[in-house]
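Trainee: Have a look at this one.
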There are 4 protein chains.
Amino acid sequence: MKSAKPLPAYLVQRYHGWKATSYQENRGWYRRLANEGQRPRAMVISCCDSRVHVTSIFGADQGEFFIHRNIANLVPPFEPDGDHHGTSATVEYAVNVLKVAHLIVLGHSQCGGVAGCIDMCKGNAPEMEAKESFVGRWMDILRPKYDLVADIDDSEAQARQLERHSVVISLENLMSFPFVASAVESGELSLHGLWTDIGEGGLECYDPAAQKFLPV
Amino acid sequence: MKSAKPLPAYLVQRYHGWKATSYQENRGWYRRLANEGQRPRAMVISCCDSRVHVTSIFGADQGEFFIHRNIANLVPPFEPDGDHHGTSATVEYAVNVLKVAHLIVLGHSQCGGVAGCIDMCKGNAPEMEAKESFVGRWMDILRPKYDLVADIDDSEAQARQLERHSVVISLENLMSFPFVASAVESGELSLHGLWTDIGEGGLECYDPAAQKFLPV
Amino acid sequence: MKSAKPLPAYLVQRYHGWKATSYQENRGWYRRLANEGQRPRAMVISCCDSRVHVTSIFGADQGEFFIHRNIANLVPPFEPDGDHHGTSATVEYAVNVLKVAHLIVLGHSQCGGVAGCIDMCKGNAPEMEAKESFVGRWMDILRPKYDLVADIDDSEAQARQLERHSVVISLENLMSFPFVASAVESGELSLHGLWTDIGEGGLECYDPAAQKFLPV
Amino acid sequence: MKSAKPLPAYLVQRYHGWKATSYQENRGWYRRLANEGQRPRAMVISCCDSRVHVTSIFGADQGEFFIHRNIANLVPPFEPDGDHHGTSATVEYAVNVLKVAHLIVLGHSQCGGVAGCIDMCKGNAPEMEAKESFVGRWMDILRPKYDLVADIDDSEAQARQLERHSVVISLENLMSFPFVASAVESGELSLHGLWTDIGEGGLECYDPAAQKFLPV
């Protein structure tokens, strides 16, 4: 592997700062985490977006959340076909090995993946339809929900709504995994759907009775 | 979606605390991030493990890192077959849309995914060989590197070494993506391989000249 | 005192969140509590165990419960010998100064202190017999009750039963304090014995007529 | 035990409310805590005072803190004399069995125990000098620090200062326990001294360099 480069100096410097302060003050805890293994209470599936920091929002520290991040916080349907399924592997590990008690899907406003999905569904992004478009094929997971927002004229409102649907379809797909459904039914696992507004710092939670997201 | 539950009260309380403090103090920045879009300098691919907080180690704030997290920080080879490839989609989005300048793969000690891969390669985990094992099929990505550590007698040392190889194979696979190779060659993107020791707070960077990881 | 360290950052952040929300919303009440002093209705003696939150179970807020927590929620017998008796001091303060109306002893399942007591009584923990074992000497308080459970074959059932006896012996020892007995006789104070099942969320109350714990 | 009474109805009602809501929503986590045991990151020693809720201030939930509460958050010196030492037992269990990474002593304003200690030291509370006064004998632990505040004229300021000293003497006494000193020296355990102002919601942390408490 000849292409790797040294770490940029600003990151080296910050790392040494962390090592001398946060690490030093919490050394006992980090060693216990290393020796005894992790025991997170919850798994969070959130977007890769650099503006979404689930640990900040919830004041979480090392050891609390098992976190998977992908484009648009999507979970594909259960497909045990022997291929590489990175997201399904994270869910399997969290539920079957770590036995987390909560599985939280966190969507967010201004999601680039969801915006691309809308462009694609409207016929404005033919390059995303190509077999070679990984983002396009990934956003196919959300596609079945586009019909539910197709009639919303305001494009901002439409995007916000499809972002919320990206959470709902992930929750629905999660229930297609037999081990998730069984853990939910036995009460060992509970599912939670959240959506956060980046600019306003808002947080909404999916309410199954109301069938919509309500402010927390 | 009938199975969703309300958010646990302690998380609701912490969220409101964040909203009233961190959010409030940084509102201007969060609104700019929402209005103008993200512009992260780097993408980080790290493990879902609850003990690995790349934002802590590097003192990163909202907007700095586009972060993908999966089991064992693996990148599969380039396979444009039209299926859902969540990890490949994150790389495509980061390199082609966000045009990040750095792509960092961060491995870590005590990785449960890597430990499972070793068990599987030694024949101690037949259940992971099943087509239905998402974790097993995902760890197949790392399998070609097992031969390089098969002779290490000390099982701890063996695991630490395969963890480092999980970073190297991801870097190698990244170069199999034409758009990554091209951005690297043009100097617009640089790749970095890191491995962190959770208990000791250590950080090592892959050095292509030495062909091994050296302390930062 | 040179060994003190700064507070971990995640706790600092959560504190500021609390200050900006819960504190702010209840400032008037907290100021009254500060200016006029506390006037709790009940004292609770519970275990230090991190899984037992008496304020959660009873929806109690600042000012409601005067809470003493020690290993296995034990009260030693009345021994006015001039030594430091931390638990006896809490009872004296609650009954004589605060004049609480209720004194609740709350036991719980999976109690590590009670498990240690059983090991010790069975001869499986010789290190707990040492004069230097603070936990051993503290669990001596419960020792007289071991005979009542010695014949229970199932070790889980045995532990659950001795946990309930830890509540009963504390209530019995409380009555050996002249000021407790006198307040109980005059009707100014009532004693209550509870036991909670952590995993199932159950709550049982000691019924003197039935001489056993019954679900609440 | 004939004196026990049924639980007051208002507490029964609140318990059933908790069981139907918080318990129900977090059942998976509570069952894991029951089955796998607690693994708290920190021990907190705080006062029994009904106005001090460490779990609220730090947004902590079941499983996070191992909490000992006594009068004036005091730790007596190391005295392995074979007597019942409830506080020493809690420290031994937290450090040697649970291996907590942080030990936090939390003092507070308007502490009744500290006020009693001042009265006693000034000769205004002869009844607290009696061998039979459990509170008096317990507050003897703090007595060596009275000289440091004896000259403060303003009685409020004097009390606030002695409250802070109650934290410092506890930290000092903790270091007299060989197993605490050894865990601190090896970096497995860190000690923290805090003082909170109930009415103002303030929080101060002891700074060993400055030799005083500074706002967090």
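Positions of Cβ are set from backbone N, Cα and C atoms, glycine also.
Whatever TrEMBL says is automated annotation, not expert-curated.
Okay, so TrEMBL annotates it like this:
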- D:Cys47, D:Asp49, D:His108, D:Cys111: Zn(2+) binding site (BINDING)
Trainee: Got a sec? Which of these binding-site residues, D:Cys47, D:Cys111, has the most Cβ atoms within 10 Å?
Mentor: D:Cys47
Trainee: So which of these binding-site residues, D:Cys47, D:Asp49, D:His108, D:Cys111, get their C-beta under 8 angstroms from chain C?
Mentor: D:Asp49
Trainee: Excluding near sequence neighbours, so keeping only residues 6 or more apart in the same chain, what lies with its CB under 8 A of D:His108 (Zn(2+) binding site)?
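Mentor: Result: D:Ser46, D:Cys47, D:Asp49, D:Arg51, D:Val52, D:Asn73, D:Glu163, D:Trp195, D:Thr196, D:Asp197, D:Ile198.
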Trainee: Other residues with Cβ within 8 Å of the Cβ centroid of D:Cys47, D:Asp49, D:His108, D:Cys111 at the Zn(2+) site?
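Mentor: Result: D:Ser46, D:Cys48, D:Arg51, D:Val52, D:Ala72, D:Asn73, D:Gly107, D:Ser109, D:Gln110, D:Gly112, D:Gly113, D:Val114, D:Glu163, D:Ile198.
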Trainee: Report, as a single number, how many Cβ atoms besides its own are within 10 Å of the Cβ of D:Asp49 (Zn(2+) binding site).
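Mentor: By my count, 28.
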